[in-house]
Amino acid sequence: MSIAAAAVGRQAWRKLARNNSTAAIRRTISLLPKSQQFRPTSFVPAFTANASKAAPRFSQSQQYRSYSSGGSSGDGTKVKFWPFVLVLAAGTGGWVLLINRQKNMPPNPKQTASSSAKPTPAFSPSEVTVLFVLGGPGAGKGTQCANLVNDFSFHHLSAGDLLRAEQDRPGSQYGQLIQDCIKNGAIVPMEVTVALLENAMADAIAKSGSKKARFLIDGFPRKMDQAFQFEKVVCPAKLVLFFDCPEQVMEGRLLERGKTSGRADDNAESIRKRFRTFVETSMPVVEYYDKEGKVIKVDATPGPKEVYEDVKRKLVGKLGENF
Ligand SMILES: Nc1ncnc2c1ncn2[C@@H]1O[C@H](COP(=O)(O)OP(=O)(O)O)[C@@H](O)[C@H]1O
Ligand SMILES: O=c1ccn([C@@H]2O[C@H](COP(=O)(O)OP(=O)(O)O)[C@@H](O)[C@H]2O)c(=O)[nH]1
């Protein structure tokens, strides 16, 4: 049942509950999609403790054919519950489907990489090296990833870029959801982002022609559920590169970037919300990996060159020249 049908079903039920009359029922039934319509030809009010004894308010409506297949008694006082039941079932069923649909976001926008038969995780850490790149908004993650791509032949996948591309993809069922989340600095449900990342990794590996690959996963995971899900179904991460930067510095960079980026979230209000999400939701991810001994922390306050020197030194120090 479509969302529209569910909404119409609910609307019909509310109308029925509000207005217990034949005319109201016929009007509301006509709101239902054709497949759910039925045409009661007589109606006796049902919401009474002793329906059979109740005086039929609409007994003059006997010119309508009885819809019941259970054999009309011919007694105009007999109560017919089932039209209510049908409308209630249609509305409630639709509502339940809608809620379930929202809870269990169909995970895979591309319908390829996440088929149920695939191994878990999809990529082996012995072949695929994953580095998560974290830091507050504007800390310089994208800037430093570009440097690392040049020197270490990483594939760079920005979760934010993938989400923006999905948002703009014609026909995407997630477009509006992504747009709302990004504007409000909220985190898009993990199923969407994890599926986009997995697809992008599969594409990059297929194009390179080698099963061995290294990835910088930029701006992800921003929430613990994403981290667990990604490591479980896509690939365990080797390290986290964390760019540490004060909010004031990041704000200045973002406002500057906002002059040309065209991004819907590079404005003062969205920036505030993004900072809060980062502190409340994303920092716990950094702390979690820190306890695992997997975090390389870099001071992102100095200029880009200086920051990169630090990144390179620490990365090579941890993984060796030929990781
Ligand atoms: N170390 C730095 N010093 C000053 N400006 C920087 C530095 N690193 C990045 N920037 C600038 O700050 C803005 C945000 O950087 P970006 O790499 O896009 O951050 P993030 O990916 O973390 O949001 C960009 O306009 C970038 O040119
Ligand atoms: O895993 C992710 C990564 C990004 N986002 C959304 O994308 C926005 C922009 O993220 P990006 O990494 O592009 O930019 P940053 O905030 O780091 O500058 C975030 O605020 C979130 O709304 C998300 O929901 N999940």
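Note that Cβ sites are derived from N, Cα and C of the backbone, with glycine treated the same way.
Taken from TrEMBL as is:
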BINDING   G138, A139, G140, K141, G142, T143, R257, P302  ATP binding site
REGION    158-188  region 'NMPbind'
BINDING   R164, A186, I187, V188, G219, F220, P221, R222, Q226, R263, R274  ribonucleoside 5'-phosphate binding site
REGION    256-266  region 'LID'
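Listed in sequence order, the binding-site residues among G138, R164, I187, P221, Q226 whose CB lies under 6 angstroms from an atom of ligand 1 come out as G138. Of all the binding-site residues in the record (G140, K141, R257), the one with the smallest CA separation from Q226 (ribonucleoside 5'-phosphate binding site) is K141. Taking the C-alpha atom of P221 (ribonucleoside 5'-phosphate binding site) as reference, the shortest distance to any of the binding-site residues G138, A139, K141, T143, P302 belongs to K141. In the structure shown, the C-beta of P221 has more C-beta neighbours within 10 angstroms than that of any other entry among the binding-site residues G142, G219, P221, P302. Of all the binding-site residues in the record (G138, G142, T143, R257), the one with the smallest CA separation from G219 (ribonucleoside 5'-phosphate binding site) is G142. Within its own chain, the region 'LID' (256-266) is flanked in space by residues 137-138, 164, 179, 182-183, 185, 274, which lie at least six positions past its ends and keep a Cβ under 8 Å from the stretch.
Residues 105-106, 109, 137, 141-142, 145, 196-197, 200, 217-220, 222-223, 226, 263-265, 270-277, 281 of the same chain, all 6+ positions outside the region 'NMPbind' (158-188), place their C-beta atoms under 8 angstroms from a C-beta of that stretch.
Distance from the CA of R164 (ribonucleoside 5'-phosphate binding site) to the CA of T143 (ATP binding site) is 18 Å. The 10 Å shell around the Cβ of G140 (ATP binding site) contains 24 further Cβ atoms across the protein chains shown. Ligand 2 lies under 6 Å from the Cβ of I187, G219, R274, out of the binding-site residues I187, G219, R274, P302. The two recorded residues, I187 (ribonucleoside 5'-phosphate binding site) and G138 (ATP binding site), have Cα atoms 16 Å apart.
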